[in-house]
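Copied from Swiss-Prot, the annotated features are:
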type	residues	note
BINDING	H83, H182	heme b b562 binding site
BINDING	H97, H196	heme b b566 binding site
BINDING	H201	ubiquinone binding site
TRANSMEM	33-53	transmembrane segment
TRANSMEM	77-98	transmembrane segment
TRANSMEM	113-133	transmembrane segment
TRANSMEM	178-198	transmembrane segment
TRANSMEM	226-246	transmembrane segment
TRANSMEM	288-308	transmembrane segment
TRANSMEM	320-340	transmembrane segment
TRANSMEM	347-367	transmembrane segment
Amino acid sequence: MTNLRKTHPLMKIINSSFIDLPAPSNISSWWNFGSLLGVCLVVQILTGLFLAMHYTSDTMTAFSSVTHICRDVNYGWLIRYLHANGASMFFICLFLHIGRGLYYGSYMFLETWNIGVLLLFAVMATAFMGYVLPWGQMSFWGATVITNLLSAIPYIGSDLVEWIWGGFSVDKATLTRFFAFHFILPFIIAALAGVHLLFLHETGSNNPSGLCSDADKIPFHPYYTIKDILGVLLLILVLTSLVLFSPDLLGDPDNYTPANPLNTPPHIKPEWYFLFAYAILRSIPNKLGGVLALVLSILVLAVVPFLHTSKQRSMMFRPFSQCLFWILVADLLTLTWIGGQPVEHPFIIIGQLASILYFLLILVLMPLASLFENNLLKW
């Protein structure tokens, strides 16, 4: 009798995706982040579901409902901090996953890469709306500042902002719709992740060498299932350590003050994972220019496959491209630091230089380095 997992309509999909999937024999731990992102998404959906059972999306009671969750609900504090810090872990895994894709040339799988960029936008939108829900000072002012950016769009801008707000300012209608969107988007993300995986399995995984690995494939189970479980255990270890020892390490103290439209915090800044984009936004003195730069800072990823000029796929054997890649990483860390600083003399110019360098590296320097390396090989 044939195995049920190979014949059952549902089981055979799971089988061909996670059990009998032919995988390259040399993929490193950098390939673990896809499964870690899946785990993060499941954790976020589950903790979010339990939080939604006790949360009220009303301006009068939102802040106190979060307090109620932390004080009165059984393990409510744990669920709340798992959700908040789970978002940080999600973004750490996302950035490492994207970095891996850039380094090893995984962006050459066009459909998979473009759905990935779409996923990044969806996750960023979800995280932004989630940050508004506790209705603290930074929630309110973050929502006001970021939604206000849409007013920079010519002709329809101001109408668009009022349409999103559901009034003339960030208020009850805004909070209610943000909660609705924050609840539905993770399920859309899960569906997109399924499509992401579908396209990946059309081609098979890339590997560190960037060469075709069809001649040397191994089954996903048990080799990579056990490897993924190790990654998941490490992720859980880091997340629980963060939640149980310093749950507010990555948060903003201002968000423990209830939202007050009459009192602006001295420094309005988003969560740490948006700081790099926020720094790029602030580095351009023009409002529309800043908004365009903000969108392009993420959208530039979609252009990367078309700027691949190298004869080799991976950066494994390309020292000049490697050097530029690590400069890009350092530049992003610099932008993250600048995004959290006040708009004062040394920080303004550093932010502007780092923003210019960011676009210059991706759009100009890395493609040129690839051409140079091609010539070194005398091809």
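Glycine residues also receive a Cβ, built from the backbone N, Cα and C atoms like all the rest.
Ranked by number of Cβ pairs under 8 Å to the transmembrane segment (178-198), the listed stretches 33-53, 77-98, 226-246, 347-367 are led by 33-53. H83 (heme b b562 binding site) is 20 Å away from H97 (heme b b566 binding site) when you measure Cα to Cα. Counting other Cβ atoms within 10 Å of each Cβ, the binding-site residues H83, H97, H196, H201 show the lowest value at H201. Of the candidate ranges 77-98, 226-246, 288-308, 320-340, 320-340 contributes the most Cβ pairs within a distance under 8 Å of the transmembrane segment (347-367). The stretch in 33-53, 77-98, 113-133, 226-246 that contributes the largest number of Cβ pairs under 8 Å to the transmembrane segment (288-308) is 113-133.
Counting in whole angstrom, H83 (heme b b562 binding site) lies 24 from H196 (heme b b566 binding site) by their C-alpha atoms. Taking the Cα atom of each, H196 (heme b b566 binding site) and H182 (heme b b562 binding site) are about 21 angstrom apart.
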